[in-house]
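K.L.:
For reference, the structure I am asking about is given below.
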Amino acid sequence: MRAFLALIFLTFVMNVESSRPLMAFTPSHGWMNDPNGQFYDSKNELWHLYYQYNPNDTVWGTPLYWGHATSKDLSTWKDYGATIGPDRDEDGIFSGNIVVDHNNTSGFFNDSIDPRQRVVAIYTYNTEGSQTQHVAYSLDGGYTFEKYEHNPVLDVDNINFRDPKVFWHEPTNQWIMVIALSQQFKIQIYGSIDLTNWSLHSNFTGGLFGFQYECPGLIEVPVEGTDESKWVMFIAINPGSPLGGSSNQYFIGSFDGFEFVPDDSQARLMDYGKDFYAFQTFDNAPKESGVVGLAWASNWQYANLAPTKEWRSSMTLARQMTLASRNMNPETKVLSLLQKPIFGESVVAANKISKRNITGQDEQAVKIHKNSTGTFSFDITFSVDSSKNQTGQLQVISGQNGESIRAGFDPTAGQFFVDRGNTSGLKENPFFTDKTSAYVEPWKHQNDLPVYKMFGVIDGNLIEVFLNDGIATLTNTFFIPGTEGLEYLEIESSSDAIHIVESEVKELKLRATS
């Protein structure tokens, strides 16, 4: 019998609406997909998130808007609904981003607008026969927008030319745009001094193909433990990713303001789950926050069918990004992305249990009952002794009705997994893959035994698992009809080979903040 370390989450049957995540953003109603236009307002100390939004239905369709939400801490959100809309009902405001034009390079602002709130949106305007790049600007800090009267600002006569990501490049004193020529598998890099006149600098090609590229990003990311940084190019693939449907890849390299050059020929996956797409970072993030971004927590293979009620789709939790050198195997160490979930000051523990040094078969190592929200986190450090009988599990169990979501580790294969095969929502959909997995080298060795770390969050119908400090992640949605959050969370150890060094489980809730 193969042994594995598993976490299982079961839930009571209540009402569909209660499966809404607590911390990950969801629209109040309607359809949502890609995150757009994230930026930080340093005057009001406020994070802004925009998103692809259809307020008229819970499936994708036109007219397509940008929705808008804000947060003080990236965990508690206020939704404002539709913000930028198309000129005609058959058109759409497709993905793009927002920059803070502190120095008024665009000329859109006068001195009455605080430099910290000179907000400019750059987005794809989609019609039946064209995709062109448009600009709009806000005179109230990002709540309402005026469209630039001379739109479009960029048109290459291609119907698959979309998803601009713009940022200020200080060394060359210019704005940079990365944008996808989607079905040519090409990321174009443009430059501008005023956000309205753009010149092509170079093209980047490479990586996993799939059907098309979307939602690129380019940002400088610090390398942990050094004073150095590297540039990271993010590219979304849909459909046809190696994980099935939608996913994100990234490349690490250098950027001189004109050309991105990867350090190697390897395309790295950002997440090994099924529900992580269109990742984007926040512009103007405070230095102490580092590089912050989030993704759409869904997959185009089944996004329109997710069994929620008045709303459909969520974002992931916000994540902080760094780079670190880590082993891919015993012989090769490479620079890789580390992702760590962000919990704002509004997130507190309603309940918490910690235990250490759990050895061998302990079938109720840790158990925590739902007290308020049924939103849980778990943090486990464990070692594996391959000389012992590896049969058994480490698992977390809850509820009635026999449905479950599992996450865990198989010591025989040396891999982590998430298993949503015992959930009935979308069970008949052939693309709602039961199991996803990730391989990572041990976090460290102690007493000649491999040691691993697994941190996870179960938030409504979303599970996000972070392995070995975020060197690999697994993000998956799951749908148990009528869930009202997890009823309890239990860690079990039934394997002689697994020694739990330390464990902590929390029930999380949100408190009011000023």
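Keep in mind that glycine also has a Cβ here, set from the backbone N, Cα and C atoms.
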K.L.:
Which one, TRP60, TRP311, is listed by Swiss-Prot in the same substrate site as ASN33, ASP34, GLN52, SER95, ARG162, ASP163, GLU214, TRP300?
P.N.:
TRP60
K.L.:
Give me the long-range Cβ neighbours of ASN203 (N-linked glycosylation site): same chain, 6+ apart, Cβ under 8 Å, in sequence order.
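P.N.:
ASN203 (N-linked glycosylation site) has long-range Cβ partners LYS186, ILE187, GLN188, ILE189.
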K.L.:
When you look at ASN33, ASP34, GLN52, TRP60, SER95, ARG162, ASP163, GLU214, TRP300, which the record names as binding substrate, what is the longest CA to CA distance in angstrom?
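P.N.:
Spelled out: the longest distance between any two Cα atoms in ASN33, ASP34, GLN52, TRP60, SER95, ARG162, ASP163, GLU214, TRP300 is 17 Å.
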K.L.:
For SER95 (substrate binding site), just give me the three-state DSSP call.
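P.N.:
Assignment for SER95 (substrate binding site) reads strand.
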K.L.:
State the three-class DSSP label for ASN422 (N-linked glycosylation site), counting H, G and I as helix, E and B as strand, and everything else as coil.
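P.N.:
The three-state answer is strand.
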K.L.:
So among the recorded positions SER95, ASN197, ASN357, ASN422, who's got the most Cβ atoms within 10 Å?
P.N.:
SER95
K.L.:
Taking each of ASN104, GLU214, ASN371 in turn, which of these recorded positions have a Cα lying within 10 angstroms of the Cα of ASP163 (substrate binding site)?
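P.N.:
Among ASN104, GLU214, ASN371, the ones whose Cα sits within 10 Å of that of ASP163 (substrate binding site) are GLU214.
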K.L.:
In terms of Cα spacing, which of the recorded positions ASN56, TRP300, ASN371, ASN422 are within 10 angstroms of ASP34 (active site, nucleophile)?
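P.N.:
Near ASP34 (active site, nucleophile), where near means Cα within 10 Å, there are no recorded positions at all.
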K.L.:
In whole Å, how far is ASN422 (N-linked glycosylation site) from GLN52 (substrate binding site) when you measure between their Cα atoms?
P.N.:
31
